[in-house]
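Taken from TrEMBL, the feature domain 'K+ potassium transporter integral membrane' covers 28-518. Feature annotation from TrEMBL assigns domain 'K+ potassium transporter C-terminal' to 530-758. According to TrEMBL, the feature transmembrane segment maps to 65-87, 156-184, 196-214, 220-247, 268-291, 297-316, 336-354, 398-416, 422-446, 453-472, 478-496.
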Amino acid sequence: MNPSEQFVEHGMSQQNLKRTSCATVLTLAYQSLGIVYGDLSTSPLYVYKTTFSGKLRLKEDEEEIFGVLSFIFWTFTIIALFKYVFIVMSADDNGEGGTFALYSLLCRHARLSILPNQQATDEKLSAYTTQDSADTWLSANLKLFFEKHPRFQKGLLIFVLLGTCMTIGDGVITPAISVFSAVSGVQVKIKGLHENYVVIISCVILLVLFSIQHHGTHRVAFMFAPVVAAWLLCISGIGVYNIFYWNRQIYRALSPLYMLKFLRATGIEGWMSLGGVVLSITGVEAMYAALGHFSALSIKVAFTCLVYPCLILAYMGEAAFLSKHHHDIQESFYKAIPETVFWPVFIVATLAAIVGSQAVISATFSIVSQCCALNCFPPVKIVHTSSRIYGQIYVPEVNWILMCLCLAVTIGLRDIDMMGHAYGLATTTVMFVTTCLMTLVMVIVWKQGIIKAIICLVLFGSIELLYISASICKVPEGGWIPLVLSFIFMSIMFTWNYGTMKKHEFDVENKVSMSKILSLGPCLGMVRVPGIGVIFSNLASGVPAIFGHFVTNLPAFHQVLVFVCVKSVQVPCVSDNERLVISRIGPKEYRMFCCIVRYGYKDLQQENYNFENKLVSAIIQFVEIEESDPAPTPEEFSMDDGNLNMEHLGVSPHTLSSSCYIEKNFPFSCVLRAKKNDNDHLQETPYKDESMQILKAKESGVTYILGHSYAEAKKSSTILKKFAINVVYAFLSKNCRDPDGFLNVAHTSLLEVGMVYHV
């Protein structure tokens with residue numbers, strides 16, 4: 001039942017439904033101020049100071065100030081408004097944004113999958129939506145190019161990881177520069193205050209900020225949204241005051257001619273100063289990455305109606321003040337505040353800086369969650385903090401790592417200009433990655449023509465490359481920080497992805513034929529013991545090598561065997577009725593089944609119910625459906641990925657869908673209720689013999705068998721590969737979450753089996 005049907009059923013009219021939807025959009029737009037726009041709205045604290053650093057301080061006349069304002073206005077309008085709000089945010093993946101959301105769209109449409117265990121049945125998921133329109137010659141050729149050249153697929157993955165790591169780097173630099181620049185404003189009034197006190201106060205504020213993250217985005221949003229709203233109204237009001245009081249001709253700077261005059265007058269120094277101008281749009285990528293926390297419409301409403309006009313007025317007002325006070329360029333923001341309202345604005349500025357850090361922290365959580373689901377980051381604990389808004393999450397390990405790195409940057413640099421140089425390089429790199437991916441999405445997903453794609457790439461890409469070139473010149477002056485952080489995170493991500501893929505290849509190549517194992521039974525003295533054995537496997541089909549290793553050393557296994565594969569698919573969410581896929585392995589007398597547990601990259605990979613009951617219910621339902629329809633159709637056989645030995649194993653898979661109904665207390669009932677469609681009447685059918693045997697096996701107990709495969713590099717491998725596999729990947733494997741953690745498996749029922757494989 002869709003939401004409108006639910007409201008109508010409860011006596012609400014369509015008109016009231018529209019009002020409710022409008023109220024929801026406005027509520028989310030209000031909340032987004034504190035989560036999405038905090039970073040973007042605090043940019044005026046340091047943009048002009050960072051831009052007029054270095055040799056440009058010697059050229060602080062009115063023409064240069066007008067030129068910088070012109071650059072800020074057009075950069076803000078073209079990149080933030082046109083590119084992100086009007087174009088990029090339309091490329092959401094079922095409501096999810098960020099670099100990996102774009103990449104996921106491309107993977108589904110161009111077969112660029114980076115996930116193992118992908119099956120044809122995954123494409124039938126309700127969230128696995130693709131465009132029905134026919135391919136253009138350009139999109140068809142691009143798809144064919146990637147299929148023929150796997151190296152370019154890996155290159156695209158590395159390119160995506162670069163943008164992702166730069167976004168995580170933003171999560172380190174943003175809190176440092178926002179809080180430090182706000183707190184340093186107190187030195188305008190207290191001249192003798194030592195810099196060490198500013199650093200200490202900043203660190204205390206950062207500690208508090210990261211400590212409250214576990215309360216969740218929803219609660220934090222309602223605390224922070226009023227602060228950002230008050231901040232935007234304050235800086236826009238001060239901007240209007242400065243425009244009318246100091247220079248009413250400042251509107252002339254909105255002409256793009258002043259950008260040319262600025263570059264002509266300042267030359268190389270003016271070009272290098274553009275690394276400061278780009279700080280005016282540093283929060284727009286976080287705005288897109290945090291799209292999963294709110295709806296796209298609510299974010300667009302908040303930006304166009306409040307954020308954009310307020311920030312433009314603030315930049316214009318500060319430029320109007322600077323045009324008459326050239327010597328105050330290094331303290332321009334606080335100097336431009338009227339004396340009577342300085343301290344109230346200072347307090348709001350400090351609070352807004354704290355809020356500004358929240359946007360990129362939330363975006364980092366979303367990015368890490370997507371990376372984990374797509375096998376590009378070790379599995380970590382992910383906590384969903386809101387029962388109403390599914391995308392709001394908290395990642396404890398990432399939160400504390402960000403806090404430590406952020407404190408290190410604050411204490412180590414103590415310079416807003418150096419932080420700004422680092423910030424600018426990270427931001428522009430992420431923007432350029434988004435532009436390139438967006439161009440591919442326009443061609444492959446949206447089926448747009450080559451002219452529109454080239455216009456998008458040239459218009460936005462040329463601007464971003466201009467700012468990247470200016471920021472690269474600042475690498476010795478702080479720009480090295482995001483490069484080092486990105487290299488570290490990128491090495492971790494690529495190593496994890498490489499090791500995971502090699503492990504999957506090993507499992508596929510060493511799958512065990514069940515008939516071969518059973519044929520060895522008399523020699524090994526193999527017996528079947530009462531109970532259900534649940535074996536976690538990395539394979540979506542077939543018998544994993546870890547099971548062969550297990551029965552060879554301990555020639556006994558349970559009366560009922562279930563191979564469980566927990567896997568991710570390249571969709572944001574998988575509905576509960578599409579979560580499990582059950583199939584049979586071998587003849588019925590073997591009583592062996594395969595259960596695939598599917599999650600999207602936005603799903604919480606943790607079952608709140610008793611997984612044992614859910615699993616047994618699904619298997620019994622599968623058995624009863626198989627009894628009524630013993631001959632699987634060719635379409636059902638297509639669920640197999642082609643790696644299974646059908647001649648030996650004879651798989652008969654079924655997908656649990658909404659056409660099946662499971663009674664609430666089904667595991668302990670002796671009645672199966674099933675219906676083919678919603679119009680059929682429920683029919684009660686007694687359990688067959690196999691169903692009763694499964695229930696009796698459950699009463700005997702359930703044992704979970706988890707395989708620990710330890711990777712080792714071959715002796716002939718290079719030193720770099722040995723270090724990556726034997727040290728880095730081994731460390732990450734020992735400290736990441738196992739599948740039993742996702743499914744709430746009790747440790748008293750867990751049996752671990754170790755095995756070494758060489759890559």
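All positions are counted from 1 along the displayed chain.
In case you wondered, yes, glycine gets a Cβ from its N, Cα and C as well.
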Proximity of the transmembrane segment (220-247) to the transmembrane segment (297-316), 3+ C-beta pairs under 8 angstroms: yes
Model confidence over the domain 'K+ potassium transporter C-terminal' (530-758), averaged pLDDT: 70
Criterion met for the transmembrane segment (453-472) and the transmembrane segment (268-291) (at least three Cβ pairs under 8 Å): yes
Considering the transmembrane segment (297-316), which listed stretch of 65-87, 268-291, 336-354, 478-496 counts the most C-beta pairs under 8 Å: 65-87
